[in-house]
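Report on the structure given below.
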Amino acid sequence: MTPGRTPLLALRQISKNFGAVEALVGVDLDVHAHEVVALVGDNGAGKSTLAKVIAGVLQPDSGLIEMDGAPVTLPSASAANRLGVASVFQDLALCENLDVTANVFLGREMYNRAGLLQEGQMETETRALLRDLTVRVPSIRTPLRHLSGGQRQAVAIARTVIGNPRIVVLDEPTAALSVAHTAEVLTHIERLRGMGLGVILISHNLNDVRAVADRVEVLRHGRNNGSFRGDASHEEILAAITGAGSPSL
Amino acid sequence: MNAIDSLRDMITRNMRQSGIMVAFVAIVAFFAILNPNFLSPTNLTNIVLQYSYILILAIGMLMIIVAGHIDLSVGSVVALTGAVSAVLVIRNGMPWWVGVLAAIAVGLLVGAWQGFWVAYVGIPGFIVTLAGMLLFRGLTYLVLNNASLSPFGGNYYDVANGFLNGLLGGYGVDVFTLVIFGIAVVGYGVSQWRTRRGKIAYQQTVESLPLFVVKLVIVAAVVMWFGYQLASSRGLPLVLIILAALVIIYGLVTQRSVFGRHVYAVGGNRHAAELSGVKVKKVYFWIFVNMGFLASVAGVVYSSRMNGAQPSAGNMFELDAIAACFIGGASTTGGVGRVGGAMIGGLIMAVMSNGMQLMGVPQSMQQVVKGLVLLLAVAFDIWNKRRASVVR
Ligand SMILES: Nc1ncnc2c1ncn2[C@@H]1O[C@H](COP(=O)(O)OP(=O)(O)OP(=O)(O)O)[C@@H](O)[C@H]1O
Ligand SMILES: [Mg+2]
């Protein structure tokens, strides 16, 4: 990373409590364009909570969010969307009864002056999008329930690219996927980076993380617990995740 | 793809949809064979007149069921809107259209009331409309002072009992009716053709040309035959025009509009829809307002057909409307179902009731049969889904 470059997204001292649970305590995070930042940590470390803060689904109790160096508020998912943040949530947020095209454009449908859907145009864009990401589905009119887990995940990733986002948050996109499908998803992530986006990848799989991430940020008990380059060793990162050898112990 | 493959593919792909069509045709054939009067012009006209209000209700009910709710209050709302209209027109001597507008206003208010509790307070539609069922039935009794009101007469009576006949002359066969049906068939053909062209342009698979043409010809023949029967009876029923307009409009709303898309999304995965920026509460609110509107239309049609208002009007209509949706392929878990399917489901109920009546089957037995049909339709649906998931 070029030092001194203004990050696309910067989180400063973000805290979030759920009642007595301190999910996030003074967390900092920077994401630049053309960068994949992996967010790792044990179960309950606060990764999904942080992802939801960035996606506008949860509001932090305190802390500052900046985009391009200017402070912003993200009061809702659609507000975050407008600012260029797109997310794939851990609990896969797709409608199984709708087809691929409808899912890709859900909440952002194209319609004409009469208020009718422009299916043709949405199909063309979907097809182009899936081609760019080399996602293979039987047909862009196939209902999601007929797709495999990997294909669904690919559709979920593809839908983030609609509306020209600048930041994409992926919460465990490879959980529950076979090795082959995982490899595919990782390729999609590299394509996103190639398109110039900032990507936040949450994962428990350190092999995946080290394969694509430029930087690895560790969360532990809701706090920053180390920052590593993408080529850091498995052991180093694992130690930070489990807290072994950390200053607090 | 050759015609046979294409046919097989279409049938397996639309198993549920085609299954329901086959069932419908079979039931019609069954009654036609048992009773020669069943397909007579007069009886076909009767079926349209007798079940139009259930079909109107089923349109709104389908959208509610797709969104993952249910509305138990529509029968009471039919009664209430009809009662308000009757009080204004019959008791206070106002013009017929005042009654119609007042009924629709009441329907919209009722819908907004129920939509508020479902969308913004978060009470399940099942509970809100169960309360509404009691509430609006009670209000009907209050509005009518526990007594029936009749007759409407005049223009109001014509809404459900009037015909367009003789506008263009004809010898015992109304030319106007035939022209309208002709226009409908041509319109259907053109829209199907354009859809097909569009699909080809966007590289989607379509059925082979011969199959497509055969399908069009069959539909056109059946529709024109039906039109001919009406034309040689009393002409074009006004309610059929109302119903056709509603089916076309709501077909567009559910399949081609952003709102319709969101109704399906909310019913399929509420959480996902919300995260994608769909305004779930708005969707809930407006589907109930819409149901209130359609219930008021049904209320006008029903009170017009009965030529008056009774406190007990519309009893159990909700069950017929719900059954129509489920027989027509709506999923009990939401997210799946079509207006067209609900219409066929409603027609199956209508044809069975009418056919059994013609055969003199006692009321008790009719209910048993209809109950079983509903059960079998949903069982078939579940079996079909299970089979589909095994295939995958
Ligand atoms: N909506 C909520 N209400 C209450 N507590 C919550 C809520 N969401 C998360 N938490 C708590 O906050 C903490 C962090 O949860 P989070 O989901 O962010 O963890 P995570 O790092 O994503 O874990 P995992 O790897 O298991 O997905 C946990 O203790 C969790 O129980
Ligand atoms: Mg998580």
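Every residue, even glycine, has its Cβ placed from backbone N, Cα and C.
Annotations in TrEMBL come from automatic prediction, not curation.
The transmembrane segment feature in TrEMBL is assigned to B:20-38, B:44-65, B:72-90, B:96-113, B:120-143, B:163-188, B:209-228, B:234-253, B:283-302.
Residues 216, 219-220, 223-224, 226-228, 230-232, 234-238, 241, 244 of the same chain lie 6 or more positions beyond the ends of the transmembrane segment (B:163-188) yet place their CB under 8 Å from a CB of it. The stretches the transmembrane segment (B:96-113) and the transmembrane segment (B:283-302) meet in space: the count of Cβ pairs below 8 angstroms, excluding pairs fewer than 6 apart in sequence, reaches at least three. Just going by CB pairs under 8 A, the stretch in B:20-38, B:44-65, B:209-228, B:283-302 that sits most against the transmembrane segment (B:234-253) is B:44-65. Scored by C-beta pairs under 8 angstroms, the transmembrane segment (B:283-302) has its highest count with B:44-65, from the stretches B:20-38, B:44-65, B:72-90, B:120-143. Ranked by number of Cβ pairs under 8 Å to the transmembrane segment (B:120-143), the listed stretches B:20-38, B:44-65, B:72-90, B:209-228 are led by B:72-90.
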